[in-house]
Amino acid sequence: MEPAGLCGFCPAGEALPARYTCPRCNAPYCSLRCYRAHGACAEDFYRDQVLRELRGRSASPSRLAGALRRLREQREAEDEPEEAGLGPGARPGGLSGLWERLTPAEKAAFERLLSRGEAGRLLPPWRPWWWGRGTGPRLLEELDHAANRDLAEPEPAPARTALQSGDDAAAAEPFAEDSCAARPLALPARIPALASLSRSPASPLVRFQLPNVLFAYAHTLALYHGGDDDALLSDFCATLLDVSGALGAQQVFGSTEEALQAAAHVLEAGEHPPGPLGTRGAMQEVARILLGEGPVNQKGYTLTALGHLAQTLGRARKQAVIGGERDRLYRARKKCQFLLAWTNENEAALTPLALDCARAHRAHAVTAEEMATLTGELERLWGGPVPPTPRTLIEELPG
């Protein structure tokens, strides 16, 4: 049964009979042109479907697939109403019905989209909160230049200047300028003294846990679009603790490179989707957080990130019902509180850590470029993306 009445979006005096209904507000409309005039409401509907899918509900694949399928069929109906089966008198049979109408290949393609973590691409780009202060996203040009020097050469403390330029800057900007700005976060109201948390002096290896924790923090925030949805809180923290060995497994690292590679290995092994940042982008965001707003308050971003982590882990622990999960969240929260106190009293250690992150970022970029060059050369020799079938050089003739 088609919608009753006239289209609500045609010009006055020219309204045509309504053929479709908005999936969000049930407003009647007659064509693709009028649907586009009502696009904001429909876009909100599809965004809600994506968020429901990311929550992992069992029925959500049908909701999102149905929404996308409906949009496709309505567009086809505008040009080929008879072939698409959406002419007057025919309407989709509901979201669950549309999922059943997908072919096996279409269902498999949609499930691959979800399993690879690419459904988030349907959401508006998200902008990190640490880009919303001062002059915006910034990474020291000196840090990137220092990453190209001999690593055995002593490094002076770099001065804070401008953004990167050229291809590296473009690669370092995974978030669009018109992306959704994250809400600003405040510094923790109270930071305990380090001596009150531990009777013995902190290990010199404590500093290397920061890059590992911040890598997981930046990656998880981008993957979960800011992590503000309470329905995704458990998944958010599970990803965070899996990527950060320092938080999830109380792992100790002997260098910044080791700490970053431990987190990167989780993503490269396919245990979690790479998200909008990927390995290289997450390394770059760690350096940005460690650099802070500038020399006057360099530790501000790191303190804010650790405070945000401690608060988020505390909220997740209140929701957790399994004892083992609650204990794991408790230990991770205590680790964040310890790192918070350590950072507050060791601001001078942040610049060397940021320099190490820039080196790791540059090394990862060089490796990726070399692999791309090698792959291109092999494909040129092979004449395609796969090697040719080996030819038989010596064949034994039948006796």
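Heads up, the Cβ atoms here are built off N, Cα and C, so glycines get one too.
Looking at 128-151, 152-175, 296-319, the stretch flagged in Swiss-Prot as region 'Disordered' turns out to be 152-175.
Residues CYS7, CYS10, CYS30, CYS34 make up the record's Zn(2+) 1 site, and a Cβ search at 8 Å around their centroid adds LEU6, GLY8, PHE9, ALA15, LEU16, ALA18, PRO28, TYR29, SER31, ARG33 from the same chain.
Considering only the binding-site residues CYS22, CYS25, CYS41, CYS7 (Zn(2+) 1 binding site) has CYS22 as its nearest partner by CA-CA distance. Each residue contributes its Cα atom, and for CYS22 (Zn(2+) 2 binding site) and CYS30 (Zn(2+) 1 binding site) these two points are 10 Å apart.
In this structure, the CA atom of CYS10 (Zn(2+) 1 binding site) is 11 Å away from the CA atom of HIS38 (Zn(2+) 2 binding site). Distance from the CA of CYS30 (Zn(2+) 1 binding site) to the CA of HIS38 (Zn(2+) 2 binding site) is 11 Å.
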